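Chemist: Quick one: the structure is below, and I'll ask about it shortly.
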Amino acid sequence: MAAAAVTAVAGVTSGSSRKRLLREEDMTKVEFETSEEVDVTPTFDTMGLREDLLRGIYAYGFEKPSAIQQRAIKQIIKGRDVIAQSQSGTGKTATFCVSVLQCLDIQVRETQALILAPTRELAGQIQKVLLALGDYMNVQCHACIGGTNVGEDIRKLDYGQHVVAGTPGRVFDMIRRRSLRTRAIKMLVLDEADEMLNKGFKEQIYDVYRYLPPATQVCLISATLPHEILEMTNKFMTDPIRILVKRDELTLEGIKQFFVAVEREEWKFDTLCDLYDTLTITQAVIFCNTKRKVDWLTEKMREANFTVSSMHGDMPQKERESIMKEFRSGASRVLISTDVWARGLDVPQVSLIINYDLPNNRELYIHRIGRSGRYGRKGVAINFVKNDDIRILRDIEQYYSTQIDEMPMNVADLI
């Protein structure tokens with residue numbers, strides 16, 4: 001990952017140059033002037049981190065910071081507003097978790113950092129990473145998510161939490177009820193911001209933001225930076241530093257991508273059954289575009305005596321958690337899901353992704369596929385493509401400057 005071409009640019013202040021920057025974004029490959037301020041810190045030891053946090057980082061198994069960590073952590077710790085763009089699986093969650101933990105005053109049992117994420121699972125995972133990295137710091141951290149008991153949230157928040165990670169709706173609810181006090185908050189992190197700032201979450205984020213102290217530092221982290229994000233960052237950020245992986249580096253290095261041509265929708269199922277033995281070599285995730293399709297496919301696979309588990313946003317929180325737990329432990333090998341799973345969930349053994357349906361939005365492709373080769377691990381992605389999907393596939397190839405070939409017969413050898 002160290003070879004990733006990362007460029008950075010200090011915040012653009014004048015309106016005309018900002019407009020020019022947005023216009024230039026339209027080009028497939030964006031070149032930025034590297035800002036003088038962004039230097040590369042090659043090791044965790046040289047970042048000026050507290051001793052108890054360093055212990056937690058090494059105990060968690062990190063040895064060397066990834067490209068995004070080498071550039072962003074120091075800037076965030078300095079107190080700068082940061083827009084960080086980094087490919088899925090490059091360690092962006094740990095980037096802001098380390099930065100948040102470094103900036104806490106553990107003696108003060110009040111919420112000092114707020115991290116918003118688009119899904120409950122991702123918020124829960126961020127909480128786990130914070131607790132693991134902060135293992136020697138006695139850090140209090142709570143995941144504030146919908147679908148769980150409100151009373152439990154209130155009790156935890158009353159006890160005092162240094163960091164709250166959560167989904168925007170529930171976090172705003174807790175602020176409104178005065179259970180989550182915002183007076184000591186120093187930092188707001190928006191994770192997977194491309195999804196967060198999609199229409200569904202935009203209003204809720206603004207609602208939360210209005211309650212934060214005016215000097216709050218804002219960090220925004222995302223795999224893709226569509227224009228809407230860059231326009232919005234103007235509203236909540238002061239002279240942000242941008243740390244951007246060049247667009248052509250968002251190709252999915254180490255992940256072999258294939259397609260299987262299926263003439264009709266019905267043929268996808270037969271193709272999947274033929275591939276089942278290949279799927280269970282390690283672990284696989286199969287993506288469908290709708291909850292109904294997930295339920296239908298799960299039932300059909302089970303009728304054909306294949307063992308699969310499934311997850312989507314309509315399932316109760318408890319059920320989703322137990323399915324994830326089974327999948328993480330390896331007890332279940334094949335998970336069928338909607339895009340709720342594609343956002344930042346880290347299951348190291350997953351080395352095969354199947355897009356039963358191509359994603360509706362090309363920016364989701366990297367979130368789905370980036371899942372399978374995390375931290376440089378190899379992975380395989382197989383896209384089922386009907387005749388009328390060819391155009392979408394070509395569009396994805398062009399957007400990510402990548403190549404998707406027809407699946408070879410020996411695909412099992414590649415996993």
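The count begins at 1 with the first shown residue.
Even glycines carry a Cβ here, placed using N, Cα and C.
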Chemist: Out of 42-70, 71-99, 158-186, 361-389, let me know the one Swiss-Prot marks motif 'Q motif'.
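Modeler: Of the candidate stretches, Swiss-Prot labels 42-70 as motif 'Q motif'.
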Chemist: Among the residue ranges 31-34, 191-194, 199-202, I'd like the one that Swiss-Prot describes as motif 'DEAD box'.
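Modeler: My reading of Swiss-Prot: the motif 'DEAD box' range is 191-194.
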Chemist: Pick out which of the binding-site residues K64, T93 has the most other Cβ atoms within 10 Å of its own Cβ.
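Modeler: Comparing the binding-site residues K64, T93, the most crowded Cβ belongs to T93.
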Chemist: Reported in the order helix, strand, coil, what are the DSSP residue counts of the motif 'Q motif' (42-70)?
Modeler: 17 helix, 0 strand, 12 coil
